[in-house]
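Copied over from TrEMBL, here are the features:
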- 78-101: transmembrane segment (TRANSMEM)
- 78-499: domain 'Major facilitator superfamily (MFS) profile' (DOMAIN)
- 113-133: transmembrane segment (TRANSMEM)
- 145-162: transmembrane segment (TRANSMEM)
- 168-191: transmembrane segment (TRANSMEM)
- 203-224: transmembrane segment (TRANSMEM)
- 236-258: transmembrane segment (TRANSMEM)
- 311-329: transmembrane segment (TRANSMEM)
- 349-367: transmembrane segment (TRANSMEM)
- 379-398: transmembrane segment (TRANSMEM)
- 404-425: transmembrane segment (TRANSMEM)
- 476-496: transmembrane segment (TRANSMEM)
- 519-528: compositional bias 'Basic and acidic residues' (COMPBIAS)
- 519-541: region 'Disordered' (REGION)
Amino acid sequence: MESHYSDSVNYDKTEVAKENEGLYKEAPKITWSNICHYLATRFPTLVDIPVMKQPLPWYQVLNPIPGLKSMNASHWNFYMLGWLAWVVDSMDFFCVSASATDIAKTLNVDTTQITWGITLVLMLRTVGSIIFGVMADTYGRKKPYIVICALFIVVELGTGFVKTYSQFLGVRALFGVLMGAMYPIASVTALENQPPKAKSIASGLFLPGYNVGFIFATVFYRAFEFTKYSGRLGEGWRNLFFFSAGLPVLLIAWRLMVPESPAFVKMHKAKQKAAAKRKQDIEEGKISRKSQLLDKLHIDPTLIQSLKSEWLTIIMLIFVMSLYNFISHGTQDLYTTFLVKQRGIGPDMRTVTVVVVNLGAVFGGIFFGQLSELLGRRLTIIICLVWSGAFLYPAFMLKNLGGIIPSGFFLQFGVMGAWGVGPIYIMEVVGHAHRALISGTCYQLGNLASSASSTIEATLGTSFPLGNGLYDYGKVMAIFCGAIFGAMIIVIFFSYERFNQQLVMDDDDMSTIHYDHESVELSEEAEKSSPVVEEEEVRKT
(Lines of atoms letter the chains of each structure in order from A and count residues from 1; the text may use other names and numbers.)
(Lines give C-alpha, C1' and ligand atoms only; values in the text may rest on other atoms or scores of the structure.)
Protein backbone atom coordinates (compact mmCIF):
# COMPACT_ATOMS: atom_id res chain seq x y z
CA MET A 1 0.00 0.00 0.00
CA GLU A 2 1.29 3.45 -0.90
CA SER A 3 -0.08 6.46 0.95
CA HIS A 4 -0.13 9.98 -0.44
CA TYR A 5 -0.37 13.06 1.72
CA SER A 6 -0.52 16.52 0.17
CA ASP A 7 0.24 19.57 2.28
CA SER A 8 0.45 22.45 -0.16
CA VAL A 9 -1.13 25.54 -1.64
CA ASN A 10 -4.34 24.64 -3.44
CA TYR A 11 -4.13 24.27 -7.20
CA ASP A 12 -6.38 25.40 -10.03
CA LYS A 13 -8.27 22.42 -11.45
CA THR A 14 -7.56 23.12 -15.12
CA GLU A 15 -7.28 20.52 -17.86
CA VAL A 16 -3.50 20.73 -17.73
CA ALA A 17 -3.06 18.12 -15.02
CA LYS A 18 -4.67 16.47 -12.08
CA GLU A 19 -2.90 16.34 -8.74
CA ASN A 20 -0.52 13.33 -8.63
CA GLU A 21 -1.19 12.67 -12.33
CA GLY A 22 0.38 13.65 -15.63
CA LEU A 23 3.46 15.58 -16.55
CA TYR A 24 2.91 18.67 -14.41
CA LYS A 25 1.90 19.78 -10.99
CA GLU A 26 -0.93 22.29 -11.17
CA ALA A 27 -0.60 26.06 -11.11
CA PRO A 28 -1.11 27.61 -7.65
CA LYS A 29 -4.15 29.72 -6.95
CA ILE A 30 -3.02 32.81 -5.03
CA THR A 31 -5.64 34.82 -3.14
CA TRP A 32 -5.58 36.59 0.23
CA SER A 33 -7.91 34.01 1.72
CA ASN A 34 -5.70 31.21 0.39
CA ILE A 35 -2.59 32.82 1.87
CA CYS A 36 -4.20 33.33 5.28
CA HIS A 37 -5.54 29.80 5.34
CA TYR A 38 -2.17 28.43 4.28
CA LEU A 39 -0.32 30.26 7.06
CA ALA A 40 -2.89 29.15 9.61
CA THR A 41 -2.39 25.51 8.67
CA ARG A 42 1.40 25.35 8.88
CA PHE A 43 1.45 24.01 12.43
CA PRO A 44 -1.51 21.60 12.12
CA THR A 45 -0.02 20.06 8.97
CA LEU A 46 3.42 19.85 10.59
CA VAL A 47 2.13 17.69 13.44
CA ASP A 48 -0.36 15.75 11.30
CA ILE A 49 1.94 12.73 11.49
CA PRO A 50 1.54 10.21 8.62
CA VAL A 51 2.07 7.13 10.80
CA MET A 52 -1.09 7.97 12.75
CA LYS A 53 -3.07 7.37 9.56
CA GLN A 54 -1.40 4.12 8.55
CA PRO A 55 -2.60 0.64 9.54
CA LEU A 56 0.93 -0.57 10.33
CA PRO A 57 2.42 -0.05 13.81
CA TRP A 58 5.18 2.56 14.07
CA TYR A 59 8.00 0.07 14.53
CA GLN A 60 7.12 -1.66 11.26
CA VAL A 61 7.03 1.66 9.40
CA LEU A 62 10.42 2.58 10.87
CA ASN A 63 11.96 -0.74 9.82
CA PRO A 64 13.91 -0.18 6.56
CA ILE A 65 14.41 -3.89 5.80
CA PRO A 66 11.07 -4.46 3.97
CA GLY A 67 11.83 -1.47 1.76
CA LEU A 68 15.30 -2.75 0.91
CA LYS A 69 13.90 -6.23 0.22
CA SER A 70 11.40 -4.74 -2.22
CA MET A 71 14.29 -3.60 -4.45
CA ASN A 72 15.18 -6.03 -7.23
CA ALA A 73 18.42 -6.22 -9.24
CA SER A 74 17.29 -3.47 -11.61
CA HIS A 75 16.44 -1.14 -8.72
CA TRP A 76 19.85 -1.75 -7.15
CA ASN A 77 21.63 -1.16 -10.45
CA PHE A 78 20.03 2.25 -10.91
CA TYR A 79 20.46 3.16 -7.27
CA MET A 80 24.14 2.27 -7.06
CA LEU A 81 24.90 4.01 -10.36
CA GLY A 82 23.37 7.21 -9.03
CA TRP A 83 24.81 6.89 -5.53
CA LEU A 84 28.36 6.10 -6.65
CA ALA A 85 28.29 8.95 -9.17
CA TRP A 86 27.41 11.30 -6.31
CA VAL A 87 30.16 9.81 -4.12
CA VAL A 88 32.79 10.29 -6.84
CA ASP A 89 31.50 13.80 -7.52
CA SER A 90 31.75 14.66 -3.82
CA MET A 91 35.19 13.10 -3.46
CA ASP A 92 36.52 15.19 -6.33
CA PHE A 93 35.10 18.31 -4.69
CA PHE A 94 36.61 17.57 -1.28
CA CYS A 95 40.02 16.71 -2.70
CA VAL A 96 40.62 20.48 -2.76
CA SER A 97 39.52 21.18 0.82
CA ALA A 98 41.46 18.16 2.11
CA SER A 99 44.67 19.29 0.42
CA ALA A 100 44.13 23.06 0.45
CA THR A 101 47.21 23.79 2.57
CA ASP A 102 49.53 21.80 0.29
CA ILE A 103 48.04 23.27 -2.89
CA ALA A 104 48.52 26.77 -1.47
CA LYS A 105 52.19 26.07 -0.75
CA THR A 106 52.79 24.64 -4.21
CA LEU A 107 51.12 27.57 -5.99
CA ASN A 108 52.61 30.20 -3.63
CA VAL A 109 49.27 31.55 -2.40
CA ASP A 110 47.55 31.48 0.98
CA THR A 111 44.82 29.07 2.03
CA THR A 112 42.08 31.71 1.78
CA GLN A 113 42.82 32.07 -1.95
CA ILE A 114 42.49 28.31 -2.40
CA THR A 115 39.07 28.45 -0.75
CA TRP A 116 38.05 30.63 -3.69
CA GLY A 117 38.50 27.46 -5.73
CA ILE A 118 35.78 25.92 -3.56
CA THR A 119 33.63 29.03 -3.93
CA LEU A 120 34.08 29.07 -7.70
CA VAL A 121 32.91 25.47 -7.95
CA LEU A 122 29.75 26.27 -6.00
CA MET A 123 29.04 29.39 -8.05
CA LEU A 124 29.14 27.60 -11.41
CA ARG A 125 27.19 24.48 -10.51
CA THR A 126 23.92 26.10 -11.59
CA VAL A 127 25.21 26.35 -15.17
CA GLY A 128 25.78 22.61 -15.28
CA SER A 129 22.43 21.75 -13.73
CA ILE A 130 20.57 23.82 -16.33
CA ILE A 131 22.46 22.47 -19.35
CA PHE A 132 22.46 18.82 -18.35
CA GLY A 133 19.08 19.00 -16.61
CA VAL A 134 17.47 19.96 -19.92
CA MET A 135 19.45 17.20 -21.65
CA ALA A 136 18.37 14.61 -19.08
CA ASP A 137 14.69 15.55 -19.36
CA THR A 138 14.86 15.61 -23.16
CA TYR A 139 17.25 12.85 -24.23
CA GLY A 140 17.33 10.55 -21.22
CA ARG A 141 19.44 9.92 -18.14
CA LYS A 142 22.01 7.58 -19.70
CA LYS A 143 23.87 9.70 -22.27
CA PRO A 144 24.36 12.80 -20.05
CA TYR A 145 25.64 10.52 -17.26
CA ILE A 146 28.33 9.09 -19.53
CA VAL A 147 29.33 12.49 -20.93
CA ILE A 148 29.72 14.00 -17.46
CA CYS A 149 31.85 11.10 -16.24
CA ALA A 150 34.10 11.41 -19.30
CA LEU A 151 34.58 15.12 -18.66
CA PHE A 152 35.33 14.42 -15.00
CA ILE A 153 38.33 12.40 -16.11
CA VAL A 154 39.66 15.32 -18.15
CA VAL A 155 39.16 17.90 -15.40
CA GLU A 156 40.72 15.83 -12.61
CA LEU A 157 43.79 15.13 -14.74
CA GLY A 158 43.95 18.84 -15.54
CA THR A 159 43.84 19.75 -11.84
CA GLY A 160 46.77 17.47 -11.16
CA PHE A 161 48.87 19.20 -13.83
CA VAL A 162 48.19 22.87 -12.93
CA LYS A 163 51.25 25.06 -12.42
CA THR A 164 49.70 28.45 -11.62
CA TYR A 165 46.87 29.76 -9.49
CA SER A 166 45.03 30.99 -12.59
CA GLN A 167 45.17 27.52 -14.13
CA PHE A 168 43.87 26.06 -10.88
CA LEU A 169 40.87 28.41 -10.88
CA GLY A 170 40.21 27.62 -14.54
CA VAL A 171 39.98 23.86 -14.15
CA ARG A 172 38.00 24.15 -10.92
CA ALA A 173 35.53 26.44 -12.69
CA LEU A 174 34.96 23.73 -15.30
CA PHE A 175 34.65 21.17 -12.51
CA GLY A 176 31.96 23.37 -10.95
CA VAL A 177 29.88 23.11 -14.12
CA LEU A 178 30.28 19.33 -14.15
CA MET A 179 29.52 18.94 -10.46
CA GLY A 180 26.33 20.91 -10.95
CA ALA A 181 25.47 18.67 -13.86
CA MET A 182 26.01 15.45 -11.93
CA TYR A 183 23.58 15.99 -9.04
CA PRO A 184 20.33 16.00 -11.07
CA ILE A 185 21.49 13.06 -13.19
CA ALA A 186 22.67 11.05 -10.19
CA SER A 187 19.60 11.76 -8.04
CA VAL A 188 17.00 10.87 -10.65
CA THR A 189 19.00 7.81 -11.70
CA ALA A 190 19.13 6.60 -8.11
CA LEU A 191 15.65 7.47 -6.86
CA GLU A 192 12.98 7.86 -9.52
CA ASN A 193 12.63 4.13 -10.23
CA GLN A 194 12.57 2.87 -6.65
CA PRO A 195 9.56 0.99 -5.21
CA PRO A 196 7.38 3.01 -2.79
CA LYS A 197 8.56 1.17 0.32
CA ALA A 198 12.21 1.92 -0.49
CA LYS A 199 11.96 5.63 -1.29
CA SER A 200 12.65 7.00 2.19
CA ILE A 201 15.58 4.75 3.04
CA ALA A 202 17.03 5.19 -0.47
CA SER A 203 16.84 8.97 -0.09
CA GLY A 204 18.32 8.74 3.39
CA LEU A 205 21.43 7.03 2.08
CA PHE A 206 21.78 9.02 -1.15
CA LEU A 207 22.83 12.49 0.06
CA PRO A 208 25.21 11.12 2.73
CA GLY A 209 27.14 9.83 -0.25
CA TYR A 210 28.46 13.39 -0.10
CA ASN A 211 30.06 12.50 3.23
CA VAL A 212 31.32 9.18 1.94
CA GLY A 213 33.09 11.22 -0.73
CA PHE A 214 34.50 13.43 2.04
CA ILE A 215 35.80 10.32 3.81
CA PHE A 216 37.37 8.98 0.62
CA ALA A 217 39.01 12.33 -0.12
CA THR A 218 40.45 12.48 3.39
CA VAL A 219 41.66 8.88 3.45
CA PHE A 220 43.21 8.97 -0.01
CA TYR A 221 44.78 12.37 0.65
CA ARG A 222 46.44 10.78 3.67
CA ALA A 223 47.62 7.94 1.43
CA PHE A 224 49.11 10.30 -1.17
CA GLU A 225 50.16 13.15 1.13
CA PHE A 226 53.83 12.20 1.37
CA THR A 227 54.22 10.67 -2.08
CA LYS A 228 56.47 12.32 -4.64
CA TYR A 229 55.53 14.04 -7.87
CA SER A 230 58.38 14.38 -10.38
CA GLY A 231 60.74 13.58 -7.52
CA ARG A 232 59.39 16.42 -5.35
CA LEU A 233 57.86 16.03 -1.89
CA GLY A 234 54.97 18.26 -0.85
CA GLU A 235 53.08 17.76 -4.12
CA GLY A 236 51.43 14.45 -3.36
CA TRP A 237 48.10 16.21 -3.82
CA ARG A 238 48.67 15.95 -7.56
CA ASN A 239 48.73 12.16 -7.32
CA LEU A 240 45.43 12.33 -5.43
CA PHE A 241 43.77 14.05 -8.40
CA PHE A 242 45.34 11.60 -10.86
CA PHE A 243 43.89 8.75 -8.81
CA SER A 244 40.44 10.34 -8.67
CA ALA A 245 40.44 10.67 -12.46
CA GLY A 246 40.36 6.89 -12.80
CA LEU A 247 37.15 6.30 -10.84
CA PRO A 248 34.68 7.65 -13.45
CA VAL A 249 36.03 5.09 -15.94
CA LEU A 250 34.38 2.33 -13.91
CA LEU A 251 31.09 4.23 -13.81
CA ILE A 252 31.10 4.72 -17.58
CA ALA A 253 31.62 1.00 -18.17
CA TRP A 254 28.82 0.12 -15.75
CA ARG A 255 26.35 2.67 -17.15
CA LEU A 256 26.89 1.40 -20.68
CA MET A 257 25.57 -2.00 -19.58
CA VAL A 258 22.38 -0.65 -17.94
CA PRO A 259 19.35 0.48 -20.01
CA GLU A 260 17.60 3.84 -19.93
CA SER A 261 15.59 4.78 -16.84
CA PRO A 262 12.07 3.25 -17.04
CA ALA A 263 10.63 6.37 -15.38
CA PHE A 264 12.13 8.54 -18.12
CA VAL A 265 10.87 6.21 -20.86
CA LYS A 266 7.29 6.56 -19.60
CA MET A 267 7.61 10.31 -19.19
CA HIS A 268 9.11 10.65 -22.68
CA LYS A 269 6.21 8.71 -24.19
CA ALA A 270 3.80 11.05 -22.43
CA LYS A 271 5.63 14.05 -23.90
CA GLN A 272 5.43 12.51 -27.36
CA LYS A 273 1.68 12.05 -26.98
CA ALA A 274 1.34 15.62 -25.80
CA ALA A 275 3.41 16.85 -28.75
CA ALA A 276 1.21 14.93 -31.19
CA LYS A 277 -1.91 16.41 -29.57
CA ARG A 278 -0.40 19.90 -29.77
CA LYS A 279 0.42 19.44 -33.46
CA GLN A 280 -3.16 18.38 -34.12
CA ASP A 281 -4.52 21.37 -32.20
CA ILE A 282 -2.30 23.74 -34.20
CA GLU A 283 -3.64 22.29 -37.43
CA GLU A 284 -7.21 22.73 -36.16
CA GLY A 285 -6.56 26.32 -35.07
CA LYS A 286 -7.00 25.64 -31.35
CA ILE A 287 -3.61 27.10 -30.42
CA SER A 288 -3.13 30.87 -30.39
CA ARG A 289 -0.45 32.53 -32.53
CA LYS A 290 1.33 33.63 -29.38
CA SER A 291 1.54 30.04 -28.20
CA GLN A 292 2.67 28.84 -31.64
CA LEU A 293 5.61 31.24 -31.40
CA LEU A 294 7.24 28.77 -29.00
CA ASP A 295 7.41 26.19 -31.78
CA LYS A 296 8.90 28.68 -34.23
CA LEU A 297 11.58 29.61 -31.68
CA HIS A 298 12.22 25.91 -30.97
CA ILE A 299 11.34 26.38 -27.30
CA ASP A 300 10.02 23.27 -25.58
CA PRO A 301 6.37 24.03 -24.66
CA THR A 302 6.54 21.51 -21.82
CA LEU A 303 9.27 23.59 -20.18
CA ILE A 304 7.13 26.74 -20.31
CA GLN A 305 4.19 24.80 -18.88
CA SER A 306 6.34 23.41 -16.06
CA LEU A 307 7.54 26.90 -15.14
CA LYS A 308 3.97 28.27 -15.23
CA SER A 309 2.72 25.43 -13.07
CA GLU A 310 5.56 25.15 -10.59
CA TRP A 311 6.94 28.67 -10.14
CA LEU A 312 5.86 28.86 -6.50
CA THR A 313 7.38 25.48 -5.72
CA ILE A 314 10.61 26.57 -7.41
CA ILE A 315 10.83 29.70 -5.25
CA MET A 316 10.19 27.68 -2.11
CA LEU A 317 12.81 25.09 -3.04
CA ILE A 318 15.45 27.74 -3.74
CA PHE A 319 15.04 29.08 -0.19
CA VAL A 320 15.03 25.58 1.29
CA MET A 321 18.05 24.40 -0.69
CA SER A 322 20.02 27.58 0.04
CA LEU A 323 19.75 26.90 3.75
CA TYR A 324 20.39 23.19 3.25
CA ASN A 325 23.66 24.04 1.55
CA PHE A 326 24.64 26.59 4.16
CA ILE A 327 24.29 24.02 6.97
CA SER A 328 26.43 21.44 5.17
CA HIS A 329 29.13 23.75 3.80
CA GLY A 330 29.14 25.76 7.01
CA THR A 331 29.90 22.70 9.13
CA GLN A 332 32.21 20.86 6.72
CA ASP A 333 34.23 22.97 4.29
CA LEU A 334 36.67 24.37 6.85
CA TYR A 335 36.47 21.46 9.27
CA THR A 336 39.87 20.06 8.28
CA THR A 337 41.42 23.53 8.55
CA PHE A 338 39.83 23.89 12.01
CA LEU A 339 41.29 20.57 13.16
CA VAL A 340 44.79 21.19 11.80
CA LYS A 341 45.36 24.90 12.38
CA GLN A 342 43.30 25.58 15.50
CA ARG A 343 43.39 22.27 17.35
CA GLY A 344 46.82 21.19 16.09
CA ILE A 345 45.74 17.66 15.28
CA GLY A 346 48.30 15.54 13.42
CA PRO A 347 47.72 13.74 10.11
CA ASP A 348 46.74 10.36 11.56
CA MET A 349 44.26 11.63 14.16
CA ARG A 350 42.94 14.19 11.68
CA THR A 351 42.06 11.34 9.34
CA VAL A 352 40.44 9.31 12.13
CA THR A 353 38.43 12.32 13.31
CA VAL A 354 37.14 13.22 9.86
CA VAL A 355 36.21 9.62 9.08
CA VAL A 356 34.31 9.13 12.36
CA VAL A 357 32.49 12.45 12.05
CA ASN A 358 31.39 11.69 8.52
CA LEU A 359 30.30 8.19 9.44
CA GLY A 360 27.92 9.98 11.79
CA ALA A 361 26.58 11.82 8.74
CA VAL A 362 26.01 8.57 6.86
CA PHE A 363 24.20 6.94 9.78
CA GLY A 364 22.15 10.10 10.34
CA GLY A 365 20.98 10.18 6.74
CA ILE A 366 19.88 6.56 6.89
CA PHE A 367 18.11 6.92 10.25
CA PHE A 368 16.30 10.18 9.62
CA GLY A 369 15.54 9.32 6.00
CA GLN A 370 13.54 6.33 7.18
CA LEU A 371 12.14 8.29 10.14
CA SER A 372 10.53 10.67 7.64
CA GLU A 373 8.36 7.73 6.55
CA LEU A 374 7.01 7.81 10.09
CA LEU A 375 6.80 11.55 10.81
CA GLY A 376 6.64 13.19 7.38
CA ARG A 377 9.34 15.21 5.64
CA ARG A 378 8.99 18.67 7.25
CA LEU A 379 8.78 17.54 10.86
CA THR A 380 11.75 15.21 10.45
CA ILE A 381 13.89 18.01 8.98
CA ILE A 382 13.05 20.34 11.89
CA ILE A 383 13.90 17.63 14.42
CA CYS A 384 17.27 17.18 12.71
CA LEU A 385 18.01 20.90 12.92
CA VAL A 386 17.16 21.12 16.61
CA TRP A 387 19.31 18.04 17.25
CA SER A 388 22.25 19.54 15.34
CA GLY A 389 22.00 22.86 17.15
CA ALA A 390 22.49 21.09 20.46
CA PHE A 391 25.91 19.83 19.35
CA LEU A 392 27.32 23.02 17.81
CA TYR A 393 29.05 24.26 20.94
CA PRO A 394 30.79 21.00 21.93
CA ALA A 395 31.73 20.17 18.33
CA PHE A 396 33.54 23.46 17.71
CA MET A 397 34.49 24.78 21.15
CA LEU A 398 35.86 21.75 23.00
CA LYS A 399 39.63 21.35 22.76
CA ASN A 400 40.21 17.66 23.50
CA LEU A 401 39.64 14.90 20.96
CA GLY A 402 37.56 12.98 23.48
CA GLY A 403 34.95 15.72 23.13
CA ILE A 404 35.52 16.82 19.54
CA ILE A 405 35.03 13.40 17.92
CA PRO A 406 31.69 12.34 19.50
CA SER A 407 30.28 15.87 19.30
CA GLY A 408 31.23 16.11 15.64
CA PHE A 409 29.72 12.68 15.03
CA PHE A 410 26.35 13.68 16.47
CA LEU A 411 26.43 17.11 14.82
CA GLN A 412 26.79 15.54 11.39
CA PHE A 413 24.29 12.83 12.37
CA GLY A 414 21.71 15.62 12.50
CA VAL A 415 22.97 17.76 9.61
CA MET A 416 23.03 14.93 7.10
CA GLY A 417 19.92 13.47 8.68
CA ALA A 418 18.15 16.58 7.42
CA TRP A 419 19.89 16.16 4.08
CA GLY A 420 18.81 12.52 3.93
CA VAL A 421 15.20 13.69 3.68
CA GLY A 422 16.09 16.31 1.06
CA PRO A 423 16.27 14.34 -2.21
CA ILE A 424 12.92 12.60 -1.84
CA TYR A 425 11.33 15.80 -0.49
CA ILE A 426 12.39 17.68 -3.64
CA MET A 427 11.37 14.96 -6.07
CA GLU A 428 7.93 14.60 -4.49
CA VAL A 429 7.04 18.29 -4.81
CA VAL A 430 8.09 18.73 -8.47
CA GLY A 431 6.36 17.37 -11.56
CA HIS A 432 7.44 14.62 -13.94
CA ALA A 433 8.11 16.65 -17.07
CA HIS A 434 11.27 18.45 -15.93
CA ARG A 435 12.20 16.64 -12.75
CA ALA A 436 15.96 16.65 -13.38
CA LEU A 437 16.05 20.31 -14.45
CA ILE A 438 13.90 21.74 -11.66
CA SER A 439 15.18 19.61 -8.79
CA GLY A 440 18.79 19.95 -9.88
CA THR A 441 18.67 23.68 -10.59
CA CYS A 442 16.92 24.51 -7.31
CA TYR A 443 19.56 22.50 -5.51
CA GLN A 444 22.38 24.26 -7.35
CA LEU A 445 20.85 27.72 -6.92
CA GLY A 446 20.94 26.89 -3.23
CA ASN A 447 24.60 26.05 -3.68
CA LEU A 448 25.11 29.38 -5.44
CA ALA A 449 23.53 31.24 -2.54
CA SER A 450 25.84 29.41 -0.12
CA SER A 451 28.90 29.48 -2.38
CA ALA A 452 30.81 31.95 -0.26
CA SER A 453 30.19 30.17 3.06
CA SER A 454 33.75 28.87 3.43
CA THR A 455 35.23 32.22 2.39
CA ILE A 456 32.87 34.06 4.76
CA GLU A 457 33.93 31.82 7.63
CA ALA A 458 37.62 32.12 6.76
CA THR A 459 37.31 35.90 6.54
CA LEU A 460 35.31 36.18 9.77
CA GLY A 461 37.93 34.02 11.43
CA THR A 462 40.45 36.83 10.99
CA SER A 463 38.30 38.90 13.37
CA PHE A 464 38.97 36.35 16.11
CA PRO A 465 42.77 36.04 16.21
CA LEU A 466 44.38 33.61 18.63
CA GLY A 467 47.95 34.81 18.05
CA ASN A 468 50.81 33.30 16.05
CA GLY A 469 48.77 33.64 12.85
CA LEU A 470 45.96 31.41 14.13
CA TYR A 471 42.25 32.23 14.15
CA ASP A 472 39.24 30.98 16.12
CA TYR A 473 37.48 29.17 13.27
CA GLY A 474 35.55 27.04 15.77
CA LYS A 475 33.77 30.03 17.30
CA VAL A 476 32.94 31.43 13.86
CA MET A 477 31.55 28.10 12.62
CA ALA A 478 29.42 27.67 15.76
CA ILE A 479 27.88 31.16 15.55
CA PHE A 480 27.41 31.04 11.77
CA CYS A 481 25.77 27.61 11.76
CA GLY A 482 23.56 28.41 14.74
CA ALA A 483 22.06 31.32 12.83
CA ILE A 484 21.57 29.17 9.73
CA PHE A 485 19.87 26.37 11.69
CA GLY A 486 17.40 28.87 13.15
CA ALA A 487 16.62 30.37 9.75
CA MET A 488 16.07 26.95 8.19
CA ILE A 489 13.65 25.88 10.92
CA ILE A 490 11.52 28.94 10.09
CA VAL A 491 11.60 28.29 6.33
CA ILE A 492 10.75 24.59 6.67
CA PHE A 493 7.91 25.45 9.04
CA PHE A 494 6.32 27.67 6.39
CA SER A 495 7.00 25.32 3.46
CA TYR A 496 4.89 22.37 2.34
CA GLU A 497 5.33 18.75 1.32
CA ARG A 498 3.67 16.11 -0.85
CA PHE A 499 4.36 13.03 1.19
CA ASN A 500 4.90 9.78 -0.74
CA GLN A 501 3.82 11.14 -4.11
CA GLN A 502 4.20 8.80 -7.06
CA LEU A 503 7.47 9.26 -8.99
CA VAL A 504 6.78 6.97 -11.96
CA MET A 505 3.92 7.74 -14.31
CA ASP A 506 1.43 4.93 -14.81
CA ASP A 507 -0.48 4.21 -17.98
CA ASP A 508 -3.59 6.08 -16.80
CA ASP A 509 -1.52 9.23 -16.28
CA MET A 510 -0.19 9.03 -19.82
CA SER A 511 -3.68 9.05 -21.29
CA THR A 512 -4.59 12.41 -19.73
CA ILE A 513 -1.71 14.66 -20.77
CA HIS A 514 -2.46 18.10 -22.21
CA TYR A 515 -0.68 21.34 -22.90
CA ASP A 516 -2.09 24.52 -21.45
CA HIS A 517 -3.53 26.10 -24.61
CA GLU A 518 -4.74 29.29 -22.98
CA SER A 519 -5.39 30.55 -19.46
CA VAL A 520 -8.31 28.51 -18.10
CA GLU A 521 -10.43 29.99 -15.30
CA LEU A 522 -12.00 27.88 -12.56
CA SER A 523 -15.69 27.29 -12.88
CA GLU A 524 -17.89 28.83 -10.17
CA GLU A 525 -18.62 25.38 -8.77
CA ALA A 526 -14.95 24.44 -8.69
CA GLU A 527 -14.01 27.69 -6.94
CA LYS A 528 -16.60 27.13 -4.23
CA SER A 529 -15.36 23.61 -3.58
CA SER A 530 -11.69 24.53 -3.72
CA PRO A 531 -10.10 24.80 -0.24
CA VAL A 532 -7.01 26.85 0.34
CA VAL A 533 -4.75 24.04 1.32
CA GLU A 534 -5.03 20.37 0.43
CA GLU A 535 -4.64 18.73 3.81
CA GLU A 536 -6.63 15.54 3.32
CA GLU A 537 -4.75 12.31 2.91
CA VAL A 538 -5.38 10.29 -0.23
CA ARG A 539 -4.74 6.60 0.12
CA LYS A 540 -4.36 4.01 -2.61
CA THR A 541 -4.40 0.34 -1.81
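Cβ atoms are placed via backbone N, Cα and C, with glycine included.
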### Query
So, does the transmembrane segment (203-224) come close enough to the transmembrane segment (236-258) to give 3+ Cβ pairs below 8 Å, pairs being at least 6 apart in sequence?
yes
### Query
Honestly, do the transmembrane segment (203-224) and the transmembrane segment (476-496) touch, with at least three Cβ pairs under 8 Å and pairs 6 or more apart in sequence?
no
### Query
Between the transmembrane segment (379-398) and the transmembrane segment (78-101), are there three or more C-beta pairs closer than 8 Å, counting only pairs 6 or more apart along the chain?
no
### Query
Under 8 Å, at least 3 Cβ pairs, sequence separation 6 or more: does that hold for the transmembrane segment (476-496) versus the transmembrane segment (311-329)?
yes
### Query
For the transmembrane segment (168-191), what are the same-chain contacts with Cβ under 8 Å, counting residues 6+ beyond its ends?
78-83, 85-86, 89, 92-93, 96, 103, 107, 114, 116-117, 120-129, 131-133, 136, 141, 144-145, 148, 151-152, 155-156, 158-159, 162, 199, 202-203, 206, 261, 263-264, 423-424, 427, 435-437, 439-441, 443-444, 447, 503
### Residues from the same chain, set at least six apart from the ends of the transmembrane segment (78-101), whose C-beta lies under 8 A from its own
71, 111, 114-115, 117-118, 121, 145, 148-149, 152, 155-156, 159, 172, 175, 179, 182-183, 185-191, 193-194, 202, 205-207, 209-214, 216-218, 220-221, 225, 237, 240-241, 244, 247-248, 251, 254-255, 258, 261, 333-334, 336-337, 340, 454
### Query
Sequence-remote contacts (6 or more beyond its ends) of the transmembrane segment (311-329), Cβ cut-off under 8 Å?
9, 25, 28, 30, 122, 210, 385, 388, 415-416, 418-419, 422, 426, 429-430, 438-439, 442-443, 445-447, 449-450, 453-454, 481, 484-485, 487-488, 491-492, 495-496
